[in-house]
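Below you'll find the structure, written out as structure tokens, and then a few comments.
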């Protein structure tokens, strides 16, 4: 097996598992850059996965190929609305942001399973009729070598996730809006003095995290899980949180970290096809992403400094 064949197996599989992590981690970047810790990324992914699956089941046959894309829009809307609970608790009521995020995770899982049981009489939905399918990107898939590796067996959602990472970088670091988001996460009092509404910007940051988290959950459900159960997301939001920290709260850093974790997750699927990993028991491959997550969060891979006001409630006029 030559290097091109190996990469043509590794890269598409990595992109499949990395895409939901990229999207969810980007949401965390916006929230935490605005000064609100978001442990609730797992819950936002659960809401997104649940919404996209139900939308696809209810409307998939009528909408056809448009159903998975529209289900992602529904997932984004649901994630944004659900994130308002965390925003209100953390920003308006100045609750402990870590506790609020954990509550979001618990509420999301409990509420979605309750609704699924009401509808289906069991804790699992049917398989969605219109998932996303791997495809060859027109034109790009015909490029020698690179086309076979990157563009011949890929989901459009993977390309979308990578594109959104660069768009997020541009918004955060090259636009006035991004400057305002970052200012309320670093020096909210100075931002307030300059006329920036700290509460408004933090609400926007958390809602953007809801949009991205819902999108990440929807992508995972529409490309990998294809149904919804209590274990559909199963820690993906926490891995995305690790990618956020590992990426040092930067969109491109989060992209790189998510690709790394995506590769680790893909090994359990493609490991037996690769000469280097084929003799390693699959159980170790399943453990790999979680071990790497722990290493990243404990600072083994490098020190990461959060925005200075991250997790600190802002009280107008208090010094």
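FYI, residue positions are counted from 1 along the chain as it appears here.
Here the Cβ of each residue, glycine as well, is placed from N, Cα and C on the backbone.
Quick caveat, the model's predicted, so the values are computed rather than measured.
Proximity of distant same-chain residues to the transmembrane segment (6-26), defined by a Cβ-Cβ separation under 8 Å and at least 6 residues beyond the stretch ends, is recorded for 41, 44-45, 134, 148-150, 152-155, 157-158, 160-162, 164-165, 168, 212-213, 215-217, 219-220, 223-224, 236-237, 239-241, 243-244, 247, 251, 254-255, 257-259, 261-263, 265-266, 269-270, 273-275. The transmembrane segment annotation in Swiss-Prot covers 6-26 (among others).
Annotation comment: Swiss-Prot describes 39-59 (among others) as transmembrane segment, evidence class sequence analysis.
Residues 40, 43-44, 47-53, 55-56, 59, 104, 107-108, 128-132, 157, 203, 206-215, 217-219, 221-222 of the same chain sit 6 or more residues outside the transmembrane segment (65-85) yet have a Cβ under 8 Å from a Cβ within it. Sequence annotations record features per position, and here Swiss-Prot assigns transmembrane segment to 65-85 (among others).
Residues 37-44, 46-47, 50, 54, 82-83, 85-86, 89-90, 125, 228-230, 237 of the same chain sit 6 or more residues outside the transmembrane segment (99-119) yet have a Cβ under 8 Å from a Cβ within it. The transmembrane segment feature in Swiss-Prot is assigned to 99-119 (among others); the stated evidence is sequence analysis.
As annotated by Swiss-Prot, transmembrane segment applies to 159-179 (among others), with the evidence given as sequence analysis. Panel annotation: around the transmembrane segment (159-179), residues 15, 18-20, 22-23, 26, 29-30, 33, 137, 212, 219, 250-252, 254-255 of the same chain, lying at least six beyond its termini, place a Cβ under 8 Å from a Cβ of the stretch.
Annotation source Swiss-Prot lists transmembrane segment at 204-224 (among others).
Among the features that Swiss-Prot reports, transmembrane segment is placed at 235-255 (among others), with the record citing sequence analysis.
Per Swiss-Prot, the feature transmembrane segment maps to 257-277 (among others).
Sequence annotations record features per position, and here Swiss-Prot assigns transmembrane segment to 282-302 (among others).
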Spatial neighbours of the transmembrane segment (257-277) not adjacent in sequence (6+ beyond its ends, CB under 8 Å) are 1, 6, 9-10, 13-19, 21-22, 25, 239-240, 242-244, 246-247, 285-286, 288-289, 292-293, 296
The answer for the transmembrane segment (235-255), taking Cβ pairs under 8 Å and residues 6+ beyond its ends, is 20-22, 24-26, 28-29, 32-33, 38-46, 105, 162, 165-166, 168-169, 172, 213, 216-217, 220, 261, 265, 289-290, 292-293, 296-297, 301-302, 304-307
